[in-house]
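Chemist: Can you keep this structure in mind? I'll have questions shortly.
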């Protein structure tokens with residue numbers, strides 16, 4: 001079998017023998033390049049090892065690779081090649097079939113001739129080759145004439161894809177002033193065509209837009225600077241268009257483009273410059289510290305860190321009065337007040353301000369000094385200022401006994417303005433609520449207005465105001481601290497009430513009490529007190545005093561033999577004097593009780609005379625008190641009497657309590673031995689049931705008990721017992737005032753267990769039913785009316801109740 005078409009012989013052709021065994025491998029050196037079928041004999045000669053004159057033996061398939069150009073656009077199916085079997089004699093007895101990748105969809109075969117055609121457009125970039133299988137069958141029997149074999153159809157590339165920049169558009173940055181040839185960015189284009197076949201995938205780069213500033217390497221796609229000293233301040237953004245063309249850039253090649261946006265980054269190549277060489281500013285003399293006077297600005301064409309500025313005052317007479325700082329957001333210099341200004345002292349200042357870049361690049365220092373200076377003139381404007389006190393604080397000491405109206409200090413203030421307005425003085429009354437002082441409105445003399453007492457207020461802190469007469473809104477103030485000095489105006493005295501005791505068996509010279517004193521004064525040299533007996537007790541025979549020279553004194557007995565019966569209490573007057581000028585003194589009394597003591601001096605009992613306070617009540621008050629007590633007693637007795645004679649309630653409140661209704665009780669008792677059943681009567685009147693009161697005679701109806709006995713048969717003891725039981729229960733019901741006044745039918749399903757009395761239903765009368773008479777039921781009242789009608793005599797009309 002031989003193949004014809006667009007094919008080339010590989011180095012090794014595989015020949016498969018019939019019945020699935022190999023004939024071997026054949027080395028072929030001849031390549032079939034023709035697009036037309038090769039004559040059978042010529043191809044067979046190529047496939048044979050023997051001389052052509054020899055008779056060739058039967059061989060299997062003869063294969064090669066088929067090559068088909070992609071992107072066929074014709075209307076007819078594309079001819080690929082031809083398959084032929086040695087057993088095909090051209091009579092149509094052989095049928096060729098095709099299977100494998102794309103068989104019947106992409107490729108078809110003429111089953112008679114073996115011609116292969118492509119029926120779909122082929123794209124090498126989607127699929128480069130197809131592997132198919134071919135077989136020759138007997139058309140009549142369908143039996144394989146030769147074993148199935150594989151062959152390959154390769155898609156031959158054409159230049160149908162242009163280069164593409166997969167990462168575009170590009171963004172790049174390069175510093176300004178960069179040297180020529182500085183690398184900016186590398187761009188890369190890819191071509192989907194076969195790089196191993198021709199020049200379809202060979203890409204060449206060129207620049208379409210961006211010259212003369214940039215260039216591109218035709219092979220690598222690296223973009224570089226092509227112009228020196230490119231200045232960002234002149235032009236910052238560049239748009240460069242790069243082209244990639246296949247076929248090595250030859251005519252007819254396909255091309256693709258991309259855009260590269262290049263930005264020149266800033267460098268510090270521009271020094272700062274002040275647009276103004278002179279600034280004129282003004283400030284009020286009352287401007288507070290750190291207040292803004294004005295702003296200066298040095299322009300720098302750079303940006304970012306390269307445009308940062310630092311402003312300083314390098315010269316001028318205002319360096320000590322003003323300061324300058326840099327605003328980091330706007331890079332301006334802010335001039336502020338450094339110390340208080342005074343129009344009267346200095347009316348103008350001159351500053352020399354420098355602005356410089358703190359970040360420099362050495363390679364650009366030759367472009368000039370990266371600093372500049374300007375001159376600032378500042379004028380101080382006059383304002384109407386409040387009066388100023390000199391000094392700014394007053395401290396005054398004054399004795400507490402100073403006379404009212406005494407001048408203790410002269411307060412002085414002046415108007416700092418050129419006009420020097422007149423001033424009026426006053427005291428801020430919120431600082432002197434007690435109004436102890438006042439000030440002369442014209443002279444500023446501070447005087448006392450009330451007596452001073454150091455023991456009450458030892459310090460006074462007041463505020464004196466000074467006001468311009470022409471402009472009352474201009475007010476100055478000064479604090480004045482006044483210390484009140486002490487004078488000896490308080491006599492010493494005992495700090496508390498002293499009460500001592502002396503034993504009856506005390507001896508002469510025995511200590512019974514130590515006393516001390518206090519003085520509200522505060523002399524500079526400290527307090528010193530002197531103790532002695534008062535003049536009226538100077539010759540006291542019982543007690544004496546000894547000064548300890550430490551502001552205390554001892555009280556001693558002068559004799560022994562004290563007796564409670566003779567005198568139980570002694571009052572000893574003591575004179576206390578201070579050391580001030582003038583000397584002040586006071587008399588304090590020491591109370592001494594006489595007590596019984598044991599031998600060791602421990603007090604056992606003190607029984608001084610009872611001092612009763614005189615209590616005297618008038619006769620009218622005493623009578624009023626007794627009258628109130630009597631009225632209260634009468635009221636109590638009256639209340640008790642009324643509670644004792646409270647009216648008792650009636651037995652029957654009203655006729656409505658007697659019910660004539662029929663009430664049904666679905667209560668089923670437990671017989672005679674059911675002691676836990678509830679009592680209806682107790683539920684009707686719980687108070688009577690709880691009290692356990694004896695039944696009272698009903699007022700509405702009394703049963704005739706005596707008449708019952710004549711109707712009860714006496715022939716049987718059992719009947720007599722039952723009769724007595726029924727009569728007793730009937731009597732209890734009639735005597736119960738709170739029992740329901742109506743009859744009811746009770747059904748008892750449970751009659752108890754083992755009752756010795758037996759069931760009432762088993763009772764039998766000694767006589768027959770005809771002999772029994774129930775006429776007595778008519779005498780039992782309304783309760784037994786129904787029974788009387790059922791069992792009573794039928795003769796005569798029924799009784800009426």
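Using the three backbone atoms N, Cα and C, a Cβ is placed for every residue, glycine included.
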Chemist: Pick from 420, 719: which one does Swiss-Prot list as N-linked glycosylation site?
Modeler: 420
Chemist: Looking at the ranges 557-577, 578-598, 599-619, 620-640, which is given as transmembrane segment in Swiss-Prot?
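Modeler: Matching range for transmembrane segment: 620-640.
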Chemist: Looking at the topological domain 'Extracellular' (60-619) alone, can you tell me the average pLDDT?
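Modeler: Within the topological domain 'Extracellular' (60-619), the model's average pLDDT equals 88.
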Chemist: Using a 10 Å cut-off on Cβ-Cβ distances across all protein chains shown, tell me which of the glycosylation sites (261, 420, 542) has the largest neighbour count.
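Modeler: Buried the deepest by this measure is 542.
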Chemist: To the nearest whole angstrom, what is the C-alpha distance linking residue 542 (N-linked glycosylation site) and residue 420 (N-linked glycosylation site)?
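Modeler: Rounded to a whole number, the Cα-Cα distance is 80 Å.
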Chemist: For residue 461 (N-linked glycosylation site), write down the residues of its own chain that are at least 6 apart in sequence and whose Cβ falls under 8 Å from its Cβ; none is a fine answer.
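Modeler: Within the chain, residue 461 (N-linked glycosylation site) has Cβ neighbours under 8 Å at 431, 479, 480, 481, 482.
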